[in-house]
Structures are given as structure tokens and as C-alpha cells.
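For reference, the structure discussed in these notes is given below.
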């Protein structure tokens, strides 16, 4: 039978007729025309009509049941809790959402008063809403707090009205808005914090236009909120940073989403101040910049206080020169560089002849004025990288580091002696003094601080014994040093050909994870007669033999081979190691050297970012244009740059803003006394904070004790190396494991 439902009685009759014909005359024979057959025909037609009507009714009933089931599902699982209530607030029916919300089975909710689940202080409001609904009044949306059986309050937004089919029932709909209410409360708290915060807050849009500021911003900058609206964030900038500062800041925001550091701001009145700022970039769901939140505070006085404390601890209050403590620190640093980089160091020990007589005769005020003038005259003749110190009384020292030889030392000493010959005009007195200078060289005259200082002191005493106003070299080891130099000069040419050079590697670990992330290549000479020699013992001689370039190229090539092997053994699942290679002072700003590095990198297949070139702070003070070109070449090649011995001379700070440096290395002499001297802790912490503010990573050298390690971690140091983590090892003994 056809499944088409007739649309009216006429169509039903027609279809019944057709069906009857098919039953009686399947072959198409003519129907009987007598009355009996007509009656039978009529009955059969009505029978078929009834069958077709029944089928249509069954289809309608099935559709109604499907629709009812669908609406039951929608009702039960709707995101809204539904309650059917009688005038007393007794629950007659609920959906599953309501049962889950109250954490009670649906059957158990029937015949219970809904008011029992409403917060005590809101039950009166609930009953009023119920009465209004049964009175046929429109009920506005209200928020009610309910207590589920499992505990934990929930907030519902409710509406109530008379059931359209059953006027004795009230239908109450409740939407769970707990999360929205909590967000609303959190926003109110955040707004209160925003308004009450002591630190200035500035919110800007993706185009760096100011959207909002808090009251602290107005107090700090002088700008009222309405004066900043839609203004550029540059409104408060003093722009005293180097040219690359903004580029670095924006790069940090784009890559990490945040930046923090020191930045110069300008008050509305025109005065500049140093601020510590933290900037966070907010992005939308498509990772497009949406808002930028800048929080900052004035640290001008803090910086002044830190600077004052540091100067009091390290500088002579009379002359402004480094005191004995800073002198010893810098001399240790210089000796370490000699050992590691093959340089020379000269220590000049100066004493003013006849100063005691002047001081006794004219008094301490005159004596102090003489010392100040003497310091000025010495300072006029030394290099920027040299350290002048006043040890005590009329004793001065000059540390001349990073020398390629002894040439130039006598010339400087002669200029100082000549300068001291000039009369000192103090308070109307014309005073005649002179200077006796003793010179000791490292490594020739000693590789320990006390030995070198003793040698220079003895040489100065010899100058005084000879009548003063002259220079004397420490000579007790002069012949031996000369013999050693000549012997090494003879042996060096064949050392490279015979494979006597080798590299030792010392691990550099990440303090937070305690994993090795870098190794430093240290040059050694396995001399057949003199044993293992450190770089500081022969690189100066190599310079005189014009062998430094060949040795440096060999060091670079061997380092690439080692780092390539280690990273291959580590596999791709581990972070690749980096290798740090010391750049020789004799080849700094050598353009050919950088070209050679590029060629070696290309042929080895080692990624440039796996190599860190270490340079000393003093090298930054070479010819500015050449240094800039060297940095541009190295940085452009992808190599990383680390600045070692930073902090020994404060003159290095401006260069950090000029050149693309990636890391700073704090020498072991700063680290050594951290557990016992608060001053050393302050210096190290200050260096680390400054480096981080500039976006640089920090490596601490010479870490030998757990106490030093803990202090460095507390100060926020990134990496460390030293005997605590591993001594320098030959390449064959290195392991690729972290």
C-alpha cells in the first residue's frame, strides 16, 4: 500500500477506487454492473479508506512521539535549569540540568521545596518572585545564590512565569552564571589594585597609543589621564638609550611577549629619570597584538644609592682612584687573562720621593692636595684600559693589561716620572717632588698576586735605593725569563706541525637545570720537555713569531670538529651544545680572521649559533670604526659573542649599548669571595642585574664551592663553570650526555 497520505476526502476516495480496481481486476477485465456488485464495491472502497486513514494516523503519532522525545532531550540537557513549581514553591518537575546543578537525583527533588536550596538571606526574595509569577506579573531577571548538596555556592540568574498549559504551575528557568560573577568580582578587585597600585601602569593599543593610565602614572609622570588618551607611548620617553635599544625591546616583545629592564623617562616638567619597567604584550585569539601593559617605577635614587655604596667600597675617597680592594681584584683578573689568553701584564709600583717631608712640614691638607694632583698627572698619561690605584699614603700602582710585549711600559713610566718633576703649586707653596717606579711583568716575574706585587715593590725600592726619580725592573728572574722566551720561540714553529697543541674543554652548566649547555675550548701545548703549558705561557711568544693566526685557525677548526661530534652523539631530542672560543687579543678586528671562520663553518656544517666568540672588555676600547666593523661581520655571520672579565673596568658599560653582545662572563675573582664578603656579592649581583636588563645572559667563572653556586643562583645567574662542575678535559674524554 502506498505510503502517501491523502490530502482530502476526494483524494482519499480516488485512491480507494484505484486500489479496488487493482484488487478485483489485476488483468484489467471490465467490472460487473449489477447492484450487488455496486454495493460490494462501495463497502470495499470504505474499507480501504479506513485503512489509509489509520496508516496516516499512525504516521502522525510516530512523528509526534519523535518530536516529544527530541524536546525531552532538549529539555533535559538544556544549558538552563528548569523547575516546575506549585504556588508553595514545591518542585513538581525538573530537567537533568537542574538535578546536576543541585547534585541530587531528579526523582529525589520532586516534592521538595526549592527555597531550601536558596541562600538564607535570599529566600524572601525568591518567595516574592514566586508570588509575582503566580499573580501573572512579569518578573525581571534576578541573581540567586543556591547551595548544592555537594557544597560550594552557585549563582543563578532566574526568570519565572506561569506555565502556558498549566496555570497552576510556575516555570522557573535558572542559568548558572557563577563563573561570570567570579570574573566580575575579579575585575573589580583588579580595578581596585590598578587604582591603588604604587607603581605606574600604562595600557596602550596595538598602535602604541595610550588607552588608560592609573593614578600612580599621573603622580610619577605629571600627566593627567585625559592628557594621555590616544597619545603615543613615546610621550613619556626621554630617548637617551642607544639606537638599537628600541629594536631590541620590540624584538623581545614579539618573540617572548614581555620585556623588562631600565629605561629613561621624561617628566611632564622636562626632567629625566631612570625607570625600571616591565612590559607585557597581550594578543588576541589570532595572535595579533591587542594591548600592551607597561608597569614602571622611578629607580633614580636606588641607582644613586647603589652607585654610592659601590664607590665607597672600591674607591679612594681622596683621589677618586680605585682603592686596594679594587686594585687587587683587577690585578687578579689581569693575571687570569695572562694565563688564559697568552697576554702580558705590567705592574708599575710608584712612590713619591720626599712626600713624607712635605706632609710633615706643611701638614696633611697640603699633603692631600699633592696626592690629588699626583693622581691627576698619572691619569693623564695612562690608557683608558689601565687601572690606577692608590694603595696607601703616597703609594700608587698602575696595571697595564693585555700587552703583546714589554714595549711601551718604559715609555709610560718615563712620562709619569717627567710629569712628577713639575712643581706642585699648593696653597702658595711651590713643592718639588719626584717619583720612583718599579715594574714587574706577568708571567715573567710571577703569576700570583702576592708574588707580582712583591716583585714590583722590590723594584720600586731598588729605584729609591738608586737615588729616586727613576725606573727599575724586577730582575731576579730576568735571565731565566729571557732564556725561556728564547727556547719557546725556537720550539714554536715545529709545535703545530708535530701536533703538540691540543684543546681541553671545560663544561658550562645551566644553573637552573644543572645540565651542560656549553663547553669552553682552552689551548694547551704538550711540550716534549717542559710538559703541559697553558696558553698564557706561550701565546705572547707566538705573536712575536707571527704564528698566532695559524694557531687561532687551528683552535677554531678543532673546536668545530669536537662540537659537531658531541651534538651528533646527543641527537636531535637534546638541545645542541655550544662551544666558546677565545679570540686572541693579537688578532682582534682582523677581518681576514672572520672570513676564515665563515669558511670553516661552511665546510664543517656546524651551525654558527653553536659557536661563541669570547673577547675581553679591554678590546672594546680599540679603534671604534674597526671594532664596529668586526662586530657587524661576526654578528652577521650568526656567531654569538661573549664579553669576558666584564666589570673590571667600568669603561666597558657604554660599549654594551653600542655592540651586539650576547653574554657576559663574570671572572672567578669576583665569584671567589662571595660567601665571605658582602661587597663581592653586591658587585656580582649588580653585574647580573645589569646584564639581564640589557637582555644578556650571564656566565660565572671559577665556581668551586656549593656556597658560591647557591649565591649565584640566588642572584639570578644563568650559567656557571668551574671545578665544582668539571675540570678541563681533553676532547677524547668528553661525553655528549647532559
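Every residue gets a Cβ built from N, Cα and C, even glycine.
As given in TrEMBL:
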REGION    1-35  region 'Disordered'
COMPBIAS  1-21  compositional bias 'Basic and acidic residues'
COILED    43-77  coiled coil
DOMAIN    67-137  domain 'PAS'
DOMAIN    186-243  domain 'PAS'
DOMAIN    343-476  domain 'GGDEF'
DOMAIN    485-738  domain 'EAL'
- Across the coiled coil (43-77), what does the pLDDT come to on average, as a whole number? 74
- Tally of DSSP helical, extended and coil residues in the domain 'PAS' (67-137): 41 helix, 13 strand, 17 coil
- Query: Within the domain 'PAS' (186-243), how many residues are helix, strand or coil going by DSSP?
  - Reply: 26 helix, 13 strand, 19 coil
